[in-house]
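Heads up, the thing below is written out as structure tokens.
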């Protein structure tokens with residue numbers, strides 16, 4: 001039982017950055033824009049968070065800075081995709097390549113400096129004695145709690161409010177939404193910016209909580225795994241939570257297997273998350289071969305008012 | 001005809017109030033349907049804008065951007081050593097660039113050239129590890145074949161999920177990059193490590209027979225010829241063969257291609273096999289021609305830079321040659337500014353910015369500004 005709790009705790013801690021990035025991606029893709037820049041946004045969020053924390057030591061300022069830089073990059077992506085109607089795939093790729101390069105450039109001077117204990121934990125001592133639940137929930141940090149709240153809020157927002165209905169309308173059928181009086185372009189801008197901020201927060205969380213030193217390219221493909229998670233989660237925040245923790249568990253399982261003294265070289269254990277991503281996507285593709293994938297129907301097509309569909 | 005015809009201006013005389021209100025601000029930006037291609041100078045403008053944009057970050061780091069750029073240019077193109085170094089770096093870029101360009105022709109977003117490059121390098125090295133005493137006329141062809149097959153199989157690993165399971169190839173190809181990198185690290189830190197290498201993460205140095213011949217005293221190797229042959233083949237296949245025509249048709253209109261009886265999934269498999277094979281050949285040329293061993297950190301991101309190379313060239317063969325030379329220079333220039341205390345990652349920052357400004361410029365030139373009403 002103890003091992004089980006430990007694995008859950010480890011899965012939550014390594015799954016939370018993935019969860020933030022997936023939630024941000026869901027928000028963006030629900031509005032009909034493909035978001036492939038997650039890797040670059042996470043890296044930028046992480047490097048800015050590291051720099052701000054080392055200079056100020058203020059957690060709130062650190063999180064705001066990480067969100068701000070990714071919001072700026074989000075505006076650029078929105079300008080490309082919404083205003084210029086450029087290819088959303090290439091714009092996302094450019095964001096990733098630029099973010100990777102710029103974060104390596106900015107982070108050169110702070111590489112290897114530890115950022116320990118930046119995020120305070122919520123110690124629920126009264127919960128400690130409850131079996132299983134106590135072990136899991138009594139010592140989580142505030143960002144993890146924030147991610148729980150965010151999942152519920154986003155789920156209610158998307159499925160239970162009229163604004164959420166508008167969001168789904170923008171992503172599924174922008175001409176109809178436009179006729180309804182929803183300003184498609186402005187809302188797409190808004191959702192891209194908010195979603196990008198969440199992805200930047202994911203980078204900050206990765207740096208502050210999960211691996212507290214800046215290393216060049218430290219996300220190691222987590223941004224891309226988050227892109228895949230959006231598909232696993234079928235654009236649904238609640239499912240995103242479980243998918244993110246599943247991948248978080250995969251991330252830590254290699255480490256666990258090493259601890260029990262397995263003969264398998266660590267390089268192969270580190271491949272697990274990447275290979276499982278591909279296998280799960282293949283499984284989903286096979287299972288859903290005759291079903292809609294659940295993706296927003298206008299995902300990837302820019303909306304032009306004058307153009308008929 | 002006694003009846004008055006309906007005045008044709010009727011619709012215009014009753015415009016909706018919204019457009020009348022906006023008549024004062026009477027400009028609007030719209031897509032110009034007559035412009036399909038952006039003008040050639042737009043590419044140059046985009047690159048210059050990207051350099052200016054990155055100059056801001058360089059200045060923020062307390063350096064004069066003009067000094068940095070001139071240092072980069074002289075480092076890459078100013079000396080004979082610089083130019084040959086640039087050519088050496090542009091060989092893998094050109095080969096990987098052809099690979100991704102051929103995939104982008106049919107809108108297969110292969111971003112896995114990095115992994116395919118590493119797979120080719122590993123496959124070529126496997127030949128030297130398991131058959132160390134092959135004579136030169138067998139060793140090099142065997143390594144070339146191994147490199148192409150290794151990269152091609154790595155490419156197929158992306159194509160098969162795409163064609164049979166509808167899996168987005170962007171995610172697959174990128175995940176496989178990490179898998180290839182980890183496999184490389186396993187080999188160079190593990191079974192293939194040079195026993196006499198003082199724990200250096202690399203295989204033993206290749207013998208004379210396993211190394212590509214060099215041109216004169218330079219570091220330039222036979223891979224240059226491979227790259228040139230491949231780019232000529234690419235140009236020929238695209239322009240003059242039925243296969244190239246089918247690829248162009250799929251790229252232009254997949255629906256029409258399907259109706260014309262072209263089997264798209266078979267094309268995707270073949271294209272990814274070739275695309276991976278090109279990157280694998282680049283990997284083989286790199287280990288056999290430049291480093292003469294498989295080692296940790298063998299690629300400074302050639303596969304990712306190749307994406308921008310292909311995009312800058314607009315998938316055009318001549319453009320590929322020019323842009324791979326320029327980006328080779330950018331990599332060499334990035335290394336040369338390390339001497340004045342800037343990180344070499346400056347070149348990857350510039351690469352990303354160039355891609356951004358390219359697509360923005362490309363789209364912006366398709367718009368026109370019109371007076372409204």
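Cβ coordinates are placed from backbone N, Cα and C, and glycine is handled just like the others.
Since we're looking at a predicted model, the values are computed, not measured.
Same-chain residues lying 6 or more positions outside the transmembrane segment (B:40-59) and placing a CB less than 8 Å from one of its CB atoms are 65-66, 68-69, 312, 342, 346, 349-350, 353-354, 356-358, 360-362, 365. Annotation source TrEMBL lists transmembrane segment at B:40-59 (among others).
Among the features that TrEMBL reports, transmembrane segment is placed at B:90-108 (among others).
Within the chain carrying the transmembrane segment (B:115-132), a Cβ under 8 angstroms from the stretch's Cβ atoms is held by residues 92, 96, 99, 139, 142-144, 146-155, 173, 176-181, 183-184, 187, 192, 203, 206-207, 210, 275-277, 279-284, 286-288, 293-294, 298-299, 302-303, all 6 or more beyond its ends. Summarising the annotation, TrEMBL assigns transmembrane segment to B:115-132 (among others).
What TrEMBL records for B:138-158 (among others) is transmembrane segment.
Counting only same-chain residues 6+ beyond the ends of the transmembrane segment (B:170-189), those with a CB under 8 A from a CB of the stretch are 109-112, 114-116, 118-119, 121-122, 125, 154, 157-158, 161-162, 201-203, 294-296, 298, 303. Residues or ranges marked as transmembrane segment in TrEMBL: B:170-189 (among others).
The transmembrane segment feature in TrEMBL is assigned to B:220-238 (among others).
Sequence-distant contacts of the transmembrane segment (B:268-288), counting only residues of its own chain at least 6 positions beyond either end whose CB sits under 8 Å from a CB of the stretch, comprise 91-92, 95-96, 98-100, 102-103, 105-106, 108, 110, 112-114, 116-125, 140, 143-144, 146-156, 158-160, 162-163, 169, 206, 210-212, 221-223, 226-227, 230, 247, 294, 298-299, 302-303, 306. Per TrEMBL, transmembrane segment is recorded for B:268-288 (among others).
What TrEMBL lists as transmembrane segment is B:294-313 (among others). Residues 43, 47, 92-94, 96-97, 99-101, 104, 111-118, 121-122, 125, 177, 184-185, 187-189, 192, 200-203, 279, 282-283, 286-287, 319-320, 322-324, 326-327, 331, 348, 351-352, 354-355, 358-359 of the same chain, all 6+ positions outside the transmembrane segment (B:294-313), place their C-beta atoms under 8 angstroms from a C-beta of that stretch.
Here TrEMBL flags B:320-340 (among others) as transmembrane segment. Residues of the same chain lying 6 or more positions beyond the ends of the transmembrane segment (B:320-340) and with a Cβ under 8 Å from any Cβ of it are 63, 67-68, 71-77, 82, 85-91, 93-94, 97-98, 101, 231, 234, 300, 305-306, 308-310, 312-313, 346-348, 350-351.
For the transmembrane segment (B:346-364), same-chain residues at least 6 beyond its ends with a Cβ under 8 Å from one of its own Cβ atoms are 38, 42-43, 45-47, 49-51, 53-54, 57-58, 68, 301, 304-305, 307-308, 311-312, 327, 330-331, 333-334, 337. The transmembrane segment annotation in TrEMBL covers B:346-364 (among others).
Listed as Cβ neighbours of the transmembrane segment (B:90-108) (distance under 8 Å, sequence separation of 6 or more from its ends, same chain) are residues 116-117, 151, 155, 159, 162, 169, 221, 223-224, 226-227, 230-231, 234, 238, 247-248, 250-251, 254, 264, 267-268, 271-272, 274-279, 281-283, 285-286, 289, 299, 302-303, 305-307, 309-311, 313, 315, 320-321, 323-325, 327-329.
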